[in-house]
Structure formats: C-alpha cells, structure tokens
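Undergrad: Here's a structure for you.
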Amino acid sequence: MIKIIGAGLAGSEAAYYLANKGYKVKLYEMRPKKNTPAHVTKNFAELVCSNSFRSNDPLNAVGLLKVEMTHFNSLILEAANIHKVPAGSSLAVDRNLFSEYVTEKIKSHENIEVIHEEVTSLDPNEYTIIAAGPLASDLLSKQIQDHLHLESLNFFDAVAPIIDAKSINMDIAYLKSRYDKDEAAYINCPMNKQEYLEFYKALMTAESVAPKDFENNVFEGCMPVEDMGKRGIDTLRFGPLKPVGLTKPNGEKPYAVVQLRQDDVNKTMYNMVGFQTHMKWGDQKRVIQMIPGLENAEILRYGVIHKNTYLESPKHLNNAFQVRDIPKWFFAGQISGVEGYIESAASGLNVAINLHNLLTKGEIRPLPVDTMMGAMARYISNYHQYFVPMNANFGLFDQIEAHKTVRKQMYYDRSMHALKEYIEGGI
C-alpha cells in the first residue's frame with residue numbers, strides 16, 4: 001500500500017499512475033472537511049491561480065515537458081486537453097470541468113481509496129508521497145519540520161482577479177493574440193501614457209493585506225502586481241502589461257496593455273493575466289476600474305493572498321524526489337520546489353515512476369537529465385546558494401552551442417532520444 005498526501009496536481013498524477021500499475025493507493029485529501037485560504041471547491045487538482053498551462057509549442061520548455069508527460073499517460077494532460085478553452089498557442093482550461101474530470105477519474109479507480117482527513121502524523125516506515133501542495137496544513141507542516149529538522153517551510157503567494165465578461169467594454173477593449181499569432185484569444189485593454197501613469201499611481205498607493213509575519217518572499221511566476229510595480233514605473237510595461245505585438249484595431253500602438261484570458265468554456269469569465277494581487281478588495285475594484293475597458297468591471301473573484309509551503313529541497317531530496325534520510329518518503333509538487341501547474345504534475349509523475357522502479361526492481365532509475373523531467377529533478381536536488389522554486393526552462397539543460405532556433409530543436413531531439421532509450425530500458 002502506498003500513502004499519498006494531497007489530491008492536487010502532483011498527488012492526483014502520482015495516484016493515477018501507481019493505481020494503473022496495480023498498486024493499492026490511499027489518497028488523503030483534507031478538503032472539504034478542512035479547507036485552505038485559497039481553494040473554493042471540493043474537487044481534486046483545483047487550479048487556484050491562473051487557468052493556463054502555458055505554451056503548447058514543443059520547442060518551448062514547458063511544451064517539451066508536456067510532450068514528455070504524454071509518454072507516461074499523464075492524467076492531468078488528458079483532462080486538460082479534453083476541457084481546454086481557446087488560448088492561442090497556449091493550453092488553458094475550464095478550471096471547473098478540468099478538476100471535476102480529474103476527481104471523477106481518481107474516485108472511480110478501483111485501486112484508489114480516497115480518505116478525506118487531515119494527515120497529522122507521518123510514519124518513516126510507510127511508503128509515502130507528500131504532495132500537500134503549497135497550502136499544506138500547519139499540523140502536517142509541523143510533522144515535516146520535525147522529521148526533517150527544519151526551521152521553516154512557508155512563504156506567501158497571490159492570485160489574480162476574475163472579471164465577468166459581460167462587464168468588459170468591448171468598444172474600448174479588443175480581441176487579439178500577441179503578434180496575431182494563432183487565434184485572437186485574449187481581450188486587450190489598451191492604455192495611453194497618461195492613463196498608465198494614473199493607473200500606476202493608484203496601484204502604488206493602494207492598500208494591501210499582509211499577514212503579520214509576511215517576509216516578502218515571493219517568486220517571479222506569481223508575484224503580486226503591486227510588488228512588481230514597486231521595482232520601477234516601467235517594470236509592468238516590460239512585464240505583464242507589455243504592449244508589443246498588441247497594436248489596436250485602428251493601427252495605433254498602445255503605451256501599455258492589460259490582457260484578460262478566457263477562464264471557462266462558456267466565455268463568461270476572464271482572468272487578468274499577470275495580475276496576481278493582495279490589495280484590499282475596495283482598492284482592487286478602484287484600481288481595476290481605472291483600466292480602459294474595465295471601467296464598469298464586475299469582479300467575480302477578487303485576488304487574495306495565501307500561504308505557500310516548500311522545502312529547501314537540495315538539502316533533503318535526491319534526484320528521484322526521495323528524502324535522503326527517510327528513503328520511503330518522496331515529495332512532489334510545489335512543496336518539492338518546482339513552480340507551475342505542469343511542473344507540479346510532472347513531478348508527481350516523476351515520483352510515481354521512481355517509486356514503481358524501486359518497488360519492482362529494488363532500485364530507482366532517475367529520468368535522464370537530457371529530458372525536462374530529469375533536468376528539473378536535478379535542479380531540486382543539486383546545491384544552490386539561494387534555492388528558489390523553479391519552473392521548466394532550457395537553462396536547466398546541459399547547454400548546446402547553436403543558434404537559438406536550432407538549439408531548441410536540438411534540445412527537443414535530444415530529449416526524445418533520451419526518453420526513448422529510458423522507456424525501452426523498462427520502466
């Protein structure tokens with residue numbers, strides 16, 4: 001029997017893979033008996049931040065990661081492709097239909113027993129995958145800290161508001177994907193210089209909610225928009241509000257652009273791209289309604305701040321996501337030091353493959369470092385002076401000296417060759 005803690009992206013992926021291999025799995029999920037500050041449903045694999053799984057281009061790092069995962073029959077990608085919504089060259093999903101699908105597949109599997117309880121004690125002698133996500137409970141966090149002799153596990157993260165599509169003024173906003181690449185999948189709210197400066201001033205003077213022990217420890221992928229703005233007046237214009245490739249229908253080039261991405265199949269909800277925030281709700285409404293096209297915006301879900309949890313993994317995990325001092329324990333998902341939805345799911349798949357190898361062959365065959373899955377495992381297990389959670393990127397690979405376009409194709413080819421050899425060697 002294998003114990004898995006957490007039915008998020010990583011835990012669901014690991015449970016499904018192992019159950020399909022014939023193992024009996026006990027999957028612990030404390031929701032809905034005990035909720036978290038960010039989750040709003042009782043479903044597994046709930047997406048609490050964006051609804052985007054990012055690029056589908058296999059010559060993009062996260063696109064390559066998706067290709068690798070399909071070789072292992074990823075449940076998360078299966079669900080995502082069934083319940084995708086238009087997003088240009090990216091993969092985005094209807095978050096509710098997506099998580100409902102994952103939940104049904106897990107709950108209906110004959111080898112998976114779902115237990116809705118908070119895990120408050122851990123046994124070093126049980127095969128355990130800890131995939132409690134970035135919102136692990138205090139009691140579980142304390143158990144992890146005690147067994148691994150840690151001082152801390154916590155940092156804080158923020159999520160973006162969702163807008164009612166009917167309240168968006170399409171006389172001002174317009175549909176377009178950057179550089180007109182693929183279908184016009186984003187709603188764009190353009191600003192001229194004066195509008196941007198007024199918006200920026202309001203953003204910088206908005207009041208934020210922060211817990212007393214907030215340490216301002218955030219990573220780039222989900223940094224609150226107001227914190228990013230504090231880096232400089234033009235930081236947002238070169239980040240989430242960059243206008244390049246988003247020329248207005250009349251040919252005019254905007255000074256800055258706020259993008260909104262479809263959040264559901266019915267196109268009733270749009271989330272604000274890169275607009276994670278922990279502003280107080282009154283200020284959120286005031287600042288958002290200063291954006292041209294959103295002057296009458298109805299906010300369906302306000303941005304919120306919530307606690308995240310992750311290990312300083314290189315001190316504790318090897319490249320199989322296995323705890324060095326407690327070999328029956330594995331960590332997966334954001335708690336293991338990966339960043340991003342697909343990365344979390346991939347780590348769950350990685351752990352499941354490693355545990356299966358350990359139980360059937362008596363040893364682990366880590367995925368090759370020429371694959372993105374293997375490169376990420378190497379990252380979380382190798383020494384870094386300042387370890388931070390990391391998403392998929394080609395910088396994790398052993399570098400190839402070639403022109404950028406050619407280099408990406410070579411990375412892809414090398415990964416597929418390494419993966420083919422790995423699978424042929426027996427999983």
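Here, residue 1 is simply the first one shown, and the rest follow in order.
In case you wondered, yes, glycine gets a Cβ from its N, Cα and C as well.
Fair warning: this is a prediction, and the values are worked out from it, not measured in the lab.
Pulled from Swiss-Prot, these are the listed features:
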- GLY6, ALA7, GLY8, LEU9, ALA10, GLY11: FAD binding site (BINDING)
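Burial and contacts for the listed features, if you can.
TA: Under a cutoff of 8 A between CB atoms, and with a sequence separation of 6+ in the same chain, the neighbours of GLY6 (FAD binding site) are TYR28, GLU29, ILE130, ALA131, ALA132, GLY133, ALA136, GLY333.
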Undergrad: Provide the number of Cβ atoms within 10 Å of the Cβ of GLY8 (FAD binding site), excluding the reference atom itself.
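TA: Taking all protein chains shown, GLY8 (FAD binding site) has 31 Cβ neighbours within 10 Å.
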Undergrad: Going by DSSP, is GLY6 (FAD binding site) part of a helix, a strand, or coil?
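TA: Assignment for GLY6 (FAD binding site) reads coil.
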Undergrad: On a simple 10 Å Cβ count over all chains shown, which one of the binding-site residues ALA7, LEU9, ALA10 is most densely packed?
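TA: Neighbour-count leader: ALA10.
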Undergrad: Around the FAD site (GLY6, ALA7, GLY8, LEU9, ALA10, GLY11), what further same-chain residues have their C-beta within 8 angstroms of the site's C-beta centre?
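TA: Counting only non-site residues, the set is ILE4, SER12, GLU13, ALA14, PHE44, ALA45, ALA131, ALA132, GLY133, ALA332, GLY333, SER344, GLY348.
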